[in-house]
Amino acid sequence: MFDIRAIRDNPDAFRNAWNRRKSGLGSVVDDILKLDAQWREATTAKQDAESARNANSKLIGQAKAKKDEAEAARLMALVAEAKTTMEQAGEAEDNARKALDDLLMGLPNLPLDEVPEGSDEHGNVEQHTWGEPKLINDPKDHADLGEALKGQGGFPMMDFEAAARMSGARFVALRGKLTRLERALANFMLDLQTTEHGYEEMSVPVLVRDQALYGTGQLPKFAEDLFRTTVDHWLTPTAEVSLTNLVREQILDAAQLPLRFTAHTPCFRSEAGSAGRDTKGMIRQHQFNKVELVSIVANEAEGLAELERMTGCAEEVLKRLELPFRRMLLCTGDMGAGARKTYDLEVWLPSQNTYREISSCSYCGDFQARRMDARYRPEPKAKPEYVHTLNGSGLAVGRTLVAVLENYQNADGSITVPKALVPYMGGVEVIN
C-alpha cells in the first residue's frame, strides 16, 4: 500500500518509477488520482451534509420553542434531505475508497534509482563471481545421479516416479543418504545463520490467512502462484510470509532493531507460469524446503546496509560448501513485485554449463510494513514510523542439494560429501 498523499503530491515520481519496471503501469497514476478525487469529493459532500443536518437539528428546537410549526417542518425536511445526502455520499465514499485501496494493493514497489533499467533477466548486471567451476568430463545432471544411487530394496534415492504416483508432477521422494544429505544441508545452514550471523531461529506456521499474504505482497496479484487450502488459509510459498508477519500490527522500540529471523520450512508454489520449464529434476518443484532470512530495520540507509550483510550471509553458505557462484544485481523488469533492490545468487551447475538461481535477497523499504501496519518509535515518545523489511534465501535447500550432487559427482556415479557437511553426515564422506 502506498501513501496516497505522496502520490497526490508527486505523481510524476510514481509514474516514472512504474514505467522503469517495464510493467505498463505508468498510466495507472491517472486512475489513482481520479479515484482519489472521487473519494475526497464524496467525503466533503458527506461532511457538508452532516454539518447541515446538525445545524438544522438545533434550529428545529428553537422553531418549536417559538411555536413556529411551519419553520420547524421546513427544517425537518432539510434534516431528512441531509440524512439522505449523507447516506448517498457515504456509499460513494466507501466505494471510491475500496476501489482506490484495491488498486493500490495490487501495485508493485518502486525500484531504487540505482537499480539498472531492463525488461527481463538479460538486463541483470553481474557484481562478482566466486570460485572456479570444476572441470568434469561428461557431467551428469542431478536427476540422473540421484536415480542411479540406490537405497533399500534397490529403489532410487531420488525417486520421482514414486512421488508422481501419490502427488503428480514436480514432486520428489528422497531416500537414505540423500535424505540425510538434505537434512544435513538445512542444519548446516541454520547453524551458520544462528551461531555466526546473529539470526534468531523461529518455528512458524506454514498455513496463513489472507491478510498475511496481503501483508507481504503475494496477494492480491499472485494468487494463481499459491496453493489455497480453505476459504481463509493458504500454504506459504516462502517462510518470508510468516517471518515478516511476526511484526504485523506492532509498534517496536528503536532499541529492538534490527530484528533478524530465520526458519527452515517447506514451501509450496503452483508454478503456474512455468509450463515446460525445468520439468525434469528438483530445480522447480511444487514443494521444496528452504532456509529463509528476514530482517526488520529502521530506515533506508540501514536497509541498504542490511541487504549487503544479508547477501553476504547467504554467500557464506556457498563458500563453505565450496560451490562456485556469482552475484547478480537484478534489473527493474526482473525484480519481484515487493522489492526495491534485489541481488540473486546463482550457483554453477555443470550439467547445464551455466549458473542457476539459488538465492534471492531483497530490500523492500516500507512497502510491506505499510500493508502490515508494522511500525517503530525512533524515540520513546516519538510518533511511530514504518519499519523497513528485507528477505532472502539462506539457501533453497533443494537447489543446494542439486548443486552438491552435480559439483561433487565422481566418475563412478558416487558423490563426495563437502567437508563442511561431513560432521552433519555422521562422518560419511562418500554417498554411493
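Glycine is no exception: its Cβ is also placed from the backbone N, Cα and C atoms.
Note that the structure is a prediction, hence the values are computed from the model and not measured.
Just one of E182, E196, E292, E346 is listed by Swiss-Prot for the same L-serine site as T238, A239, E240, S393, and that one is E292. T238 (L-serine binding site) counts 23 other C-beta atoms within 10 Å of its own C-beta, drawing on all protein chains shown. Most Cβ neighbours within 10 Å among the binding-site residues E240, E271, E357: this distinction goes to E240. Looking at S359, S360, S393, the binding-site residues in this record, the fewest other C-beta atoms within 10 angstroms of the C-beta turn up around S360.
Cβ proximity to the L-serine site centre (mean Cβ of T238, A239, E240, E292, S393, cutoff 8 Å) flags the following additional same-chain residues: V241, L243, A263, T265, C267, K290, V291, L293, V294, N391, G392. Across the fold, the C-alpha of E271 (ATP binding site) and the C-alpha of S393 (L-serine binding site) stand 18 Å from each other.
E357 (ATP binding site) carries a strand DSSP state (E or B).
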